[in-house]
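These features come from TrEMBL:
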- 12-37: transmembrane segment (TRANSMEM)
- 49-76: transmembrane segment (TRANSMEM)
- 88-109: transmembrane segment (TRANSMEM)
- 155-179: transmembrane segment (TRANSMEM)
- 208-229: transmembrane segment (TRANSMEM)
Amino acid sequence: ICIAVNASQGAFNSVLLISGLWSHVLSDGFFLAIVYGPVQFAPAWLRDLVVSLAVFMVFSLWQFITAPCIVQYLLLFRKTMPNAVRVGIAYLFTACSMGISIPYFWIFVPYPAIAGHLREIAIRVQHLTDDDSFVVYGIGMRVDPANGNRTAFGLAFYGIAPSYSLTYAVFGFTVLKIVRELGRVNTEMSIQTVTLQKGFIRMQLIQGFIPLVILTIPFVTFISFIITGANLDNWTLMLTFSQWSLPAVQAGVYLKYLMRASSAVLDRNHRIMSAIPQSSN
């Protein structure tokens, strides 16, 4: 169930990336998300909704990673608990983590008073013209009543940091407990089950650290921009490339685990069938 949910999350994220064909710019005290994809031609309300969903999916890159670990933890330590309850508890934590970030999902939708200025920055940095087709979203560094006093500082330190820290704290705790449990002598599970459980936690470790590895440099760059206000201009494309690469990398990790698990099950079935005495005519 957890693999199916996370795979669906990655697929939906990919659809949003393709529909928006986003590019990012950090310049003149603003963080821009420039839309070149087909969603730019949608009605404004629908385009704003897609942008807000895209921000939600960025948050989900780390908010979803704990659910499979929590399910596995409950499977090992709460053996009498029904599977439906395990899954419900796991994704309840994900929902709570999302709840912390909800006020920031639509923060990139600019007020009309600054929309023109954002477009001017995009044209200058990415060498565009008024004849080019694109739509610009963004948020400023400084408190600005013209944009509802919303800032990139609030996004980073109140929208991202709490859920990011909470997610990885729970992720680290559950992984540590699971690894210790699988490392001890266990007579309640078969060797095959233990092997699959160890493979699953290895996959979760990789999935958990993929966002850290791929997004570390862009996030550090983003925080540096907030602190210093430096113009990074097209150097911000490293954030764009990182965001685009994540779904493919995560899908590859899931696919590798599923192929190994399927192969292990087929091998076990083959050994069972081989052990059954063949009847003679």
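Heads up, the Cβ atoms here are built off N, Cα and C, so glycines get one too.
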Original post:
Same-chain Cβ contacts of the transmembrane segment (49-76) under 8 Å, 6 or more residues past its ends?
Top reply: 1-3, 5-6, 9, 12-13, 16-17, 19-20, 22, 33, 35, 39, 42, 86-87, 89-91, 93-94, 97-98, 101, 104-109, 137, 159-160, 163-164, 167-168, 170-171, 174-175, 177-178, 181-182, 197, 200-201, 204, 207-208, 211, 215, 243, 246
**OP:** For the transmembrane segment (88-109), could you work out the same-chain residues 6 or more beyond its ends whose Cβ comes under 8 Å from its Cβ atoms?
**Re:** 2, 5, 33, 48, 51-53, 55-56, 59-60, 63-64, 66-68, 70-71, 74, 137-139, 150, 154-155, 158-160, 162-163, 166-167, 170
